[in-house]
């Protein structure tokens, strides 16, 4: 999917089924390396990143069957250096390192790929593994790691909150000798889901969802069954789609408690929000949104993966709104494309200032990453005229059937 035709002047109304969380499913798939037991994982989204992860596992010797629900047997792993042509495609491939080290005592992994969003160093991953007793050599863009015997439990104070590094250390520590404490750990729902999965296999992890996670190492893990949590970012994206178009939507098979900050901001913008056990209903009919001031922060703060969508919302809102990005560098690349569509946006350091206008205009725009792709498609849906969104190959990395789901709620999007 390289290019999309997006018809504008649409009000988006209806019902959407939310897919499983990419950010939980990817690490969970790589965590299967930790055990010889048979595993069944449900609610796996159909995404290119997921498909690449599965290819990586198969390359190592893992047996996998199924589609949305996968049956996985990692008992026959006999390769410890995944190929560069796959590693280079997804940043999540770094999560193979901890499980391979913990179970087999060795791993050789090329530096990973993925979205190019500013500086995303892997130092925190490597420092954590080193503290657990691993010897790591980094040469020619390749991580060569090994440990004699088992990894050793340790108190690890993270110098900054990192979801990725928290996952790496937590996974490696499950099979370490002794106890590990991760202080200043990330608290995201995906961390909780991964810990729940590992505990199902016999790990001993407590505190996931707080800033202090305690892992008591075990000798081995077994098999088990797990259901991946819903994708909170996909949910938030569809809620913004309805809010920006002055429509109404119900998102099904989602988890409202994972979106508290996003729902608060949508309510502040003027939306009527109702929630149930596994659904969220938003109504913005007949109302132009009010502008918002937002600052991204680690969970439970406002998610960085939602700031582009809210920049779109601010662009067509009443008043002046700001968004400050504190997690990643260079995550405002998409704003130049919104400006092409008539948005009035200024960048000042790590903050964008949006001067709301009533209507965007169609244009020929280019997406720079996953969330930018979704944002520009939504912008095309509400703009006047026909918008062509280029480089939408990013989209299938993190949104399952996004154009199809939007078309079901009133959009007119075609693949060119």
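The backbone N, Cα and C atoms fix where each Cβ goes, and this holds for glycine too.
As the structure is a computational prediction, the values presented were derived from the model and not from experiment.
As recorded in Swiss-Prot, the features of this protein are as follows:
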type     : residues                              : note
BINDING  : 22, 23                                : phosphoenolpyruvate binding site
BINDING  : 91, 120, 121, 122, 123, 124, 305, 327 : UDP-N-acetyl-alpha-D-glucosamine binding site
MOD_RES  : 115                                   : 2-(S-cysteinyl)pyruvic acid O-phosphothioketal
ACT_SITE : 115                                   : active site, proton donor
Count of other CB atoms lying within 10 Å of the CB belonging to residue 122 (UDP-N-acetyl-alpha-D-glucosamine binding site): 19
Count of other CB atoms lying within 10 Å of the CB belonging to residue 23 (phosphoenolpyruvate binding site): 25
Distance, residue 23 (phosphoenolpyruvate binding site) to residue 121 (UDP-N-acetyl-alpha-D-glucosamine binding site) (CA atoms, angstrom): 18
